[in-house]
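Engineer: Okay, these came from TrEMBL:
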ACT_SITE  301  active site, nucleophile
ACT_SITE  544  active site
COMPBIAS  858-875  compositional bias 'Acidic residues'
DISULFID  323-347  disulfide bond
DISULFID  480-526  disulfide bond
DOMAIN    298-552  domain 'SGNH hydrolase-type esterase'
REGION    29-58  region 'Disordered'
REGION    74-94  region 'Disordered'
REGION    852-876  region 'Disordered'
TRANSMEM  881-900  transmembrane segment
């Protein structure tokens, strides 16, 4: 195996439109006119032409540092040229798969190198600086000085891509720009327009320099120039050559043969020096294609690119496969940027069980269990999964499908919605096994590592759908797609929770996690920029990332991949490297993971008291696994103090094995805070008090109230507050508390207007009590309330009578119930009378309404008490029916769209099995 110095696995080339390239050029001089070509067919007078004098050479150490390890690449100088400052630059912005390592690379050109970033929409890109040397036009020869390590014997590779405007018009002619790479000295020459380069190590399969006429792997095509201003380009190439330890030099040359126009540019990066076992066999010169790394992308619709057309053939068929794999999904963007070979198997509707079996009803799609696509030679795996297991799509449908309850009910207040999310999270985190078809993330990660032991893995989180605090209006047709602010906040918090679970589990296994949420700030639905990267509900991509959203997700994954630190250490053959790490008091689980490229590193853990754990002695370990490129230790309730990790080079490369070490200490699970919301309704105000909220293992960091009326809403960022409200208008109040570790809890109550009816001049309850549930323009009390469920007073007694009449002369019929005072169950200290019941809808939602009272023999109470439910089995979850005809029509239409299109988990057709997302 090769020991590599100054290498990187991943290049960077996310396809983001560039306004201007980030470039570092050598010092420039003044401009002047250029010579004309002798061939009239090659006129320089085309769009994009730049003309000027030859410029003086300048110190170029920055060019060496852009190409690789500064301990090996120790300096640089221009032996010839460049003809202009623009012809030799250090590139920063991605293009053509570059940079290959780090953040910079080198661009050498026969013209203005920065024009490579321009779109290919001009006739020809052409610069003629009028420089001639060594029998060619506009030449540049860059020397890179090396200090080759004693253990190295090979230039393992230098990556390059040749781009040209000469293609295809002058293929087979003598007008030919060329690239030459030499070692030791530069000796190339040109006679009769033929290039002779005996020391060139970057040649095609016929032994010729890289030009538009190159053959084999170096053959130029139009497709390989995509994303640049040029008409042709080679694929990503690399070339090697033997080296001797000590000082050495590489020479990179580009020049124009025959005249000085029709530009070409060479991109160069990632010089790697190291040791090979057999120089003659393993360090053979010649240009070779860089093999794309085997990349397997798995997951659900957030990985498949659901909603972003065009789709790959055969993945969006009415009666067949409907995985909907987009050509613009983040994995495809990533593969293009990093020159990876994407084996794309993410599928809309996937749940964790689809990683292990084929879903019922999808057998005819031709898909295998997703983990079956992994192999021993897989180099990279990405996935997002778990959202469908948690029922996110169904939650969103439930949030807007209860249209008849807007604006008062909340989906986060519906236990049937919240309980399935809570249960799914517990199963994904491995805290419960109540759902056999939900596979914990730990199981998936362990199986990925077993099937693909050499692979990097990035677990990809879900983006936020809405701004962190919720924005916009809940009315259908508004930008937030009928989802109330409090429900938006709840959904955002749940996305945060599932992302934290996935991140924790990935860290336990020594893998990486990409969280795209921060990149979506301002681009959510109702985001402040108005440029939304989430499809709205009434669209084919409903609540999924747009093409721009997938670009952002790809950028986040790429940053995580390319931001890898240097190895923790290098272990030599027979050497033992000792590393210390600390387990803090209170740690409930500690994990140690070591990864290396291949061979074998034997590890022993030693506790502060001297207890040893190894692959030979597994007693006391909660979990252990070992493969050809990793070893994993896990202990529960570990001894606190300083531990040591001893890593022995049992069977490693002669030059040593780079080892990546990660440790993870897990604290006791953070307990959820408890929100206690008290809402006092006094006339035209509602007083809010959340000071009774608590956190069993920490403190409350923030309180936020969402007070929502029929046609307005208000957010209060404080533990206590007061809002104005019509005395007859129902109002929904939600308190969100966040603890000191970011976990939240929600408490919701619905304040429906109620009124105790007394005889004129009476101030105390009489023997027979009348209580009115007040109707309003947006609340048809008679239609909304199931009178068979009505209960009154602390004893929750059935009313003796139920009547309908307008008790306050506002033109709306109210529901009036009666009961005997002695039956109500007052204990003598209550100061309000409450009625509860169930609404006439399929969800059977409960409601509550109260009014201040004076009991017989008591003075009137001027201040009402909290509208808290004394019966724990009858929680406040909402009341009220939105009866605007136009509102009903819009949302009924929306519900019909959802049922027809399968939005948010609704069944689309028989072949979708009722799942997507």
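Heads up, the Cβ atoms here are built off N, Cα and C, so glycines get one too.
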Engineer: Judged by the number of other CB atoms within 10 angstroms, which among 323, 347, 480, 526 is the least packed of the disulfide-bonded residues?
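Structural biologist: Checked 323, 347, 480, 526; of these disulfide-bonded residues, fewest Cβ neighbours within 10 Å: 526.
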Engineer: Among the disulfide-bonded residues 323, 347, 480, 526, report those whose Cα falls within 10 Å of that of the residue listed as 'active site'; none is a fine answer.
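Structural biologist: None, since no candidate lies within 10 Å.
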Engineer: Which is it, of 301, 544: the one of these active-site residues whose Cβ has the most other Cβ atoms within 10 Å?
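Structural biologist: Answer returned by the neighbour count: 301.
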Engineer: What three-state class does DSSP give the residue listed as 'active site, nucleophile'?
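Structural biologist: Assignment for the residue listed as 'active site, nucleophile' reads helix.
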Engineer: Check the Cα-Cα distances from residue 301 (active site, nucleophile) to the disulfide-bonded residues 323, 347, 480, 526 and tell me which is shortest.
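Structural biologist: Ranked by Cα distance from residue 301 (active site, nucleophile), first place goes to 347.
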Engineer: If H, G and I count as helix, E and B as strand, and all else as coil, what does DSSP give for residue 544 (active site)?
Structural biologist: coil
Engineer: Across the domain 'SGNH hydrolase-type esterase' (298-552), what does the pLDDT come to on average, as a whole number?
Structural biologist: 87
Engineer: What does DSSP say about residue 347 (disulfide bond): helix, strand or coil?
Structural biologist: coil
Engineer: Once the DSSP letters are reduced so that anything not helix or strand counts as coil, what is residue 526 (disulfide bond)?
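Structural biologist: DSSP assigns residue 526 (disulfide bond) to coil.
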Engineer: With DSSP helix as H/G/I and strand as E/B, how many residues of the region 'Disordered' (74-94) fall in helix, strand and coil?
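Structural biologist: The composition, in the requested order, is 3 helix, 11 strand, 7 coil.
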Engineer: Could you round the CA separation between residue 347 (disulfide bond) and residue 526 (disulfide bond) to a whole angstrom and send it over?
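Structural biologist: Checking the Cα atoms of residue 347 (disulfide bond) and residue 526 (disulfide bond) gives a distance of 28 Å.
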Engineer: In whole Å, how far is residue 323 (disulfide bond) from residue 526 (disulfide bond) when you measure between their Cα atoms?
Structural biologist: 28
